[in-house]
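First up is the structure itself, then whatever we jot down about it.
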Amino acid sequence: MTKPPRASTRPQARTFTGPDMMLEAACGPGLVCGVDEAGRGPWAGPVSAAAVILDPSRVPKGLDDSKKLSAKARAVLEIEIKQVAVAWCVGLASIEEIEELNILHAAGLAMCRAIDGLSVKPDIALVDGNYRFELPCPIKTVIKGDSLSCSIAAASILAKEARDRIMVEMDALHPGYGFASHKGYHAAIHVEGLRRLGPSPIHRLSWAPVKLALAGELGSGAALDDELGG
């Protein structure tokens, strides 16, 4: 008689179902904030960052990396995050600061401003990516954190929504580049606007793609988005 196979005692791999609060729980009993930025890649406009402290008992459903969500889903989640979060804040670094510091340090500055603006001080921050920014509290970096941590996912949504609104406003102030549609990223209308109008006050003039577009050396269908990615 064949014996039935024994049940495996090996731990089962985690089944991915989207972001959860496991990373937050692993940080211990203190306040944990998620931190993420938006706008490292575009050729124009500020870089934004958000810091969010979530109540584990009131986590909005549907949180995910902001880039994976529709504009409608992000707008709904932004409202809910702001309603239920223990604390949240969005920080910005200007085009002048980006040009002076470089985009990576400007993103870190925006993160500092977001954390400093929280109504309560976090004990630790979960930061998307692998770069160890100098922030106002201890940090833990999380690669692809906006797909793993609800707090980071919430921060990614707030940062993107805040920056997108700014770029819509910039489109009205600086028409002809299509900022409202592409939010400062590479697009045919953006390249053509640079060729026809020259740079606006919010363009990142030190960036190679902007220089190439202004010199007429970047095709409108080129796949080059930025110098750094992100």
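Just so you know, the numbers here start at 1 and follow the chain as drawn.
Cβ coordinates come from backbone N, Cα and C, glycine included.
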Key: Record-annotated divalent metal cation site (Swiss-Prot): member among D116, D123, D128 besides D36, E37   = D128
Query = Counting every protein chain present, what is the number of Cβ atoms, excluding its own, within 10 Å of the Cβ of D36 (divalent metal cation binding site)?
reply = 32
